[in-house]
Amino acid sequence: MIIAPSILSANINNLEEDIQKIEKSEAQYLHIDIMDGHFVPNLSFGPNIVQSLRKISTKVFDVHLMVENPDEWIEKFATAGADVIGVHYESSPHIYRTLTEIKKLGKQAEIVINPATPIGVIEEVLPIVDQVLVMTVNPGFGGQAFIENMLDKIAKLDDMKKKFGYQFKIEVDGGINEKTIQKCKKSGANIAVAGSYIFAGDIEDRVKKLNDVIED
Ligand code: DX5
Ligand code: ZN
C-alpha cells in the first residue's frame, strides 16, 4: 500500500523542513490539497506552491483538486509539476472530458467522490482512470473522523475492479490512522492519504508505523 502524507497538516512556517522529512520517509506520494473556497469552504494552495515544492521533492505529486470549474486549473497544475491530478465527480457536469484532458497532458487521471456520492455514477469513467479516490470524510478540512460506511463503498469498487479487470488504484482520504488504514486495506484500498495523523508526531516514524500495521 502507498502512503501519501497530506501537506495540509504540515507546518507551514517551516514547510521545507517537513518536506525533507517526507523525502526521507517510506512515503511514495505527496498529497497536495487544492481548495478554492467555493467547492469546499476553505482555501489552501495554488499552482505556485506546487511549482516551488517540485524543486525540493522527488515524490509522486498527488494533486487533489477541490475546486469549481476544474477545467480551468488542470493545465496549470500539470505545468507546475503534478503527476496525478484528481478531480471531483461533483465539480463538473463534463467530468469525462476533464479526465481525458488530464491524460492528454501526460498526467495520471483520478476521479474523486464525496462520501454521499454512490459508485454507480462513475461507472462510465472507470475504464479510463488511473486512480479512484473515495473520500472518507467530507472534503475541506484535516483532522475529521473517518466515516465507517465508506468501507462498503471501497469493497464494492474493488469488486467492480476485479469483475471488469480494471487497473486503477483505489485511494482513501480522510481520518486515516493506524486503525482505519487496516480496515481500508482489507476492503481493497491501495493508497492511503494521511494528514493530521502523520504531522502530529515524528513524520518518518508515523509513516513507518502506518506501513508496519498494513504489513502485518
Ligand atoms: C480533506 C483533504 C485531506 C486532508 C486529510 O479535504 O482532502 O487530504 O488533508 O486530513 P486528515 O488525514 O487529517 O483527515
Ligand atoms: Zn485530499
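Quick reminder: no glycine exception, Cβ is built from N, Cα and C everywhere.
Whatever TrEMBL says is automated annotation, not expert-curated.
Taken from TrEMBL, the feature active site, proton acceptor applies to ASP33. The DSSP secondary structure for ASP33 (active site, proton acceptor) is strand. Proximity of ASP33 (active site, proton acceptor) to non-local residues of its own chain (separation of 6 or more, Cβ distance below 8 Å) is seen for SER6, ILE7, LEU8, SER44, PHE45, HIS64, MET66, given in sequence order.
Taking Cβ-Cβ distances under 8 Å and a sequence gap of 6 or more within the same chain, the neighbours of ASP173 (active site, proton donor) are SER6, HIS31, HIS64, LEU133, VAL134, MET135, THR136, VAL137, PRO139, VAL193. The active site, proton donor annotation in TrEMBL covers ASP173.
Taking all protein chains in view, 28 other C-beta atoms sit within 10 angstroms of the C-beta of HIS64 (divalent metal cation binding site). According to DSSP, HIS64 (divalent metal cation binding site) sits within a strand segment. Residues annotated as substrate binding site in TrEMBL: SER6, HIS64, GLY140, PHE141, GLY142, GLY143, ASP173, GLY174, GLY175, GLY195, SER196.
The Cβ of HIS31 (divalent metal cation binding site) has 27 neighbouring Cβ atoms from other residues within 10 Å, across all protein chains displayed. The divalent metal cation binding site annotation in TrEMBL covers HIS31, ASP33, HIS64, ASP173.
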Sparsest-packed among the binding-site residues, when each Cβ's other Cβ atoms within 10 Å are tallied, from SER6, SER196: SER196
Where GLY142 (substrate binding site) falls in three-state DSSP terms: coil
Most Cβ neighbours inside 10 Å, all chains, among the binding-site residues GLY140, GLY142, GLY175: GLY175
Three-state secondary structure, ASP173 (active site, proton donor) (per DSSP): strand
Divalent metal cation site, defined by HIS31, ASP33, HIS64, ASP173: further same-chain residues with Cβ within 8 Å of the Cβ centre: ALA4, SER6, LEU8, ILE32, ASP62, VAL63, GLY86, LEU133, VAL193, GLY195
